[in-house]
Amino acid sequence: MVTAAIFRAAATVMLLVLSFSACQAQLSSTFYGDTCPNALGTIRTSIRSAIARERRMAASLIRLHFHDCFVQGCDASILLDNSPSITSEKFVTQNNNSVRGFEVIDEAKSAVENVCPGVVSCADILAVAARDASEYVGGPSWTVKLGRKDSTTASASLASRDLPRFADGLQRLIDLFESKGLSERDMVALSGSHTIGQAQCVTFRDRIYSNGSDIDAGFASTRRRNCPATFPNGNGNLAPLDLVTPNSFDNNYFRNLLQKKGLLQSDQVLFSGGSTDSIVNDYSRNPSTFRFDFASAMIKMGDIEPLTGPAGIIRRICSRVN
């Protein structure tokens, strides 16, 4: 009886592993080779044009892909608007008035639809857009695996639960990333995307007025100039996440952390006497290592629970179900 039970349990585990492997195997960099050979070039042109208009958009598009993949997997659920049957993820605390770039994805989708109607998913466009955005601002490039389908649902509750918050502590961040199959090293590498982009005063006010031992006093003073102490004054005022080279994808983000100049609390906790200090040190000294690890972590993140094969749909318009 015991032997039979063990055999059944082993068979169940093996079936789950095979199912997961089969799902992953359906993602391929050449997925649209026959059905839409110009898809990647069309997306690239659209994304580059958008970032040329506003360089900050590069960071926004990388973040949009990240916030998609952490909720229900990389299925473009973050793009869905409210409807009678859907409660959008766009309005949870971590996304509301913060996540942006939706119109850029819509433009890329429209361009692709003109070339290959009903073929390329919004989820894949998000993944390709993140890669193209990184490359455009001097960051690494990588081969994007394709073949994701779009969800027919969104989950505001999962978004609220699974997306990091700007005041999260180190262990909370580690747990969140581990729950998505990402290691501490993946987490630190992905956090390095904060080498570009900006944050709103409301997300770092408490940190710069804390007079804490984990923030450089001069840095805090500089940031206070455009971020009033009294809520909600200046809530939406922006500051670069990397004060040194805010528009270039480099490793200065990690150098800033060594000097206690991380803008967000969730940035500085990566170098605060914990288990990730050595990784931050490594990336601060070795930009090529950071670039390689960032690309690898983006590929790994893009593999989180994709809908493939008969699961999911190809949305004609990314913000609503067909």
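Positions of Cβ are set from backbone N, Cα and C atoms, glycine also.
Sequence annotations record features per position, and here TrEMBL assigns signal peptide to 1-25.
The domain 'Plant heme peroxidase family profile' annotation in TrEMBL covers 26-322.
Annotated Ca(2+) 1 binding site per TrEMBL: Asp68, Val71, Gly73, Asp75, Ser77, Glu89, in sequence order.
Packing around His194 (heme b binding site) is summarised by its Cβ count: 25 other Cβ atoms lie within 10 angstroms of its Cβ, all protein chains included. If you look up TrEMBL, you'll see His194 marked as heme b binding site.
Residues or ranges marked as Ca(2+) 2 binding site in TrEMBL: Thr195, Asp242, Thr245, Asp250. Of all Cβ atoms in the protein chains displayed, 28 besides its own lie within 10 Å of the Cβ of Thr195 (Ca(2+) 2 binding site).
Across the fold, the C-alpha of Asp68 (Ca(2+) 1 binding site) and the C-alpha of His194 (heme b binding site) stand 17 Å from each other.
Put simply, His194 is the one of the binding-site residues His194, Thr195, Asp242, Thr245, Asp250 whose Cα lies nearest to the Cα of Glu89 (Ca(2+) 1 binding site). Val71 (Ca(2+) 1 binding site): 28 other CB atoms within 10 A of its CB, across all protein chains. For the domain 'Plant heme peroxidase family profile' (26-322), the predicted model reports an average pLDDT of 97.
Long-range Cβ neighbours of Asp75 (Ca(2+) 1 binding site) (same chain, at least 6 residues apart, Cβ-Cβ under 8 Å): Asp68, Ala123, Arg148, Lys149, Asp150, Ser151, Glu305, Pro306, Leu307, Gly312. Cβ neighbours of Thr245 (Ca(2+) 2 binding site) (same chain, under 8 Å, six or more residues apart in sequence): Thr195, Asn252. The shortest Cα-Cα distance from Val71 (Ca(2+) 1 binding site) to any of the binding-site residues (His194, Asp242, Asp250) is found for His194.
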